[in-house]
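A.B. asks: Mind looking over this structure? Questions follow.
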Amino acid sequence: MRIHGLILLSFLLLAAQVLSEKVRKTAKNVPDSTTEEDMSPSLGKARNKQRSRTSKSMTHGRFVTKDQATCRWAVTEEELGINLKVQCTRADQEFSCVFAGDPTGCLKYDKDQTYWKQVARTLRKQKNICENSKSVLKTRVCRKKFPESNLKVVNPRKEKAEVSPREHNKVQEAVSMEPNKVKVDITTSPAATVAVKDSECLEDPDVLTQRKTALEFCGESWSSFCTFFLNMLQATSC
C-alpha cells in the first residue's frame with residue numbers, strides 16, 4: 001500500500017514538471033512574436049524613408065547637352081504624374097520647357113534609382129533641347145510595360161531674351177520698306193517674250209517654206225542644218 005502511494009506521488013510530480021515546462025515555453029514564444037510584429041512596421045517605415053530620400057536626391061540635377069547648352073532640371077509632383085522642368089543657357093540666351101508623364105506605376109517596383117539615372121542620361125543626349133515639340137524622354141526600364149512613363153514636352157522653347165529698342169526699330173523700318181520694293185513685270189520678262197515669238201514663228205509662211213525646201217533638198221537628217229542657212233541667207237524676222 002505504501003509502495004503504491006509512492007508511485008502515484010512520483011507520477012504526479014513528473015506531470016507537474018512537464019506542465020510547468022510547457023507553460024514556460026509558451027511564455028517565451030509570446031513576447032518574441034510580438035517583438036517581430038512590432039519591428040516589421042518600423043523596418044518598412046525606415047526603408048520607405050530611405051527610398052524617398054533617394055528619389056528626392058535624384059529628381060534634380062545639372063547637365064550639358066551635345067550642342068553645349070548648360071541646363072538644370074527638377075521634378076515636381078502633380079495630381080496626375082509629374083512635371084520635369086528644364087532651364088538652359090546657351091550663347092547668352094536663356095530658355096526653358098516642361099516635360100510631363102506618369103512613371104508612378106513603374107516606380108512601385110523599386111526601379112526609381114534606375115529610372116531617374118536613365119532620365120538624366122537621356123537629357124544629356126538631347127540636341128536642340130526644348131525646340132522640338134515632339135521631344136520625348138524615354139527610359140529602357142519603363143518604356144515597354146509603362147508607356148505613360150515617357151516624358152513628353154508640353155510647352156516648347158520659351159525665350160527669356162528681350163529685343164532691344166534699337167533692334168525693334170530696325171525691324172519696323174524693314175517692314176515699312178517692304179511695300180516700296182520694285183516689282184518685276186512678269187509679262188515683259190525675256191522668257192515670256194521668247195515664248196510668244198516662238199509661237200508666232202511656227203506659223204510664219206516664210207519659215208514654213210524654208211522648212212519644206214530644206215526637207216526636199218537636204219533630207220530629214222540635214223533639214224535643220226539647211227533651214228539654218230536658208231534663214232541666214234533670206235534674213236527672216238524669225
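Here, residue 1 is simply the first one shown, and the rest follow in order.
Any Cβ shown, glycine's included, is placed from N, Cα and C.
Pasting the feature list from Swiss-Prot:
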| type | residues | note |
| --- | --- | --- |
| SIGNAL | 1-20 | signal peptide |
| REGION | 25-61 | region 'Disordered' |
| DISULFID | C71-C88 | disulfide bond |
| DISULFID | C97-C130 | disulfide bond |
| DISULFID | C106-C142 | disulfide bond |
| CARBOHYD | S164 | O-linked glycosylation site |
| REGION | 197-238 | region 'Sufficient for interaction with FGF2 and FGF2-induced effects' |
| DISULFID | C201-C238 | disulfide bond |
| DISULFID | C218-C226 | disulfide bond |
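Show me how these features fit into the shown structure, please.
C.D. replies: Secondary structure from DSSP puts C88 (disulfide bond) in a beta strand. Sequence-distant neighbours of C88 (disulfide bond) (same chain, six or more apart, CB under 8 Å from its CB) are T65, A69, T70, C71, R72, E94, F95, S96, I129, C130, listed in sequence order.
Taking all protein chains in view, 24 other C-beta atoms sit within 10 angstroms of the C-beta of C130 (disulfide bond). Following the DSSP three-state reduction, the secondary structure of C130 (disulfide bond) is coil.
The secondary structure of C106 (disulfide bond), as reduced to three states from DSSP, is helical.
Neighbour density for C218 (disulfide bond): within 10 A of its CB lie 16 other CB atoms from the protein chains shown. Reduced to three states, the DSSP call for C218 (disulfide bond) is helix.
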A.B. asks: Could you check which of the disulfide-bonded residues C97, C218, C226 is the closest Cα neighbour of C142 (disulfide bond)?
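C.D. replies: It is C97, whose Cα lies nearest.
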A.B. asks: Taking 10 A as the limit, how many CB atoms besides its own sit near the CB of C97 (disulfide bond)?
C.D. replies: 21
A.B. asks: May I ask which of the disulfide-bonded residues C97, C218, C226 is closest to C106 (disulfide bond) if we compare their C-alpha atoms?
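C.D. replies: Closest candidate to C106 (disulfide bond), judged by Cα separation, is C97.
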A.B. asks: Over all shown protein chains, what is the count of other CB atoms within 10 A of the CB belonging to C142 (disulfide bond)?
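C.D. replies: Other Cβ atoms found within 10 Å: 23.
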A.B. asks: Limited to the region 'Sufficient for interaction with FGF2 and FGF2-induced effects' (197-238), I'd like the whole-number average of pLDDT.
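C.D. replies: Result for the region 'Sufficient for interaction with FGF2 and FGF2-induced effects' (197-238): average pLDDT 67.
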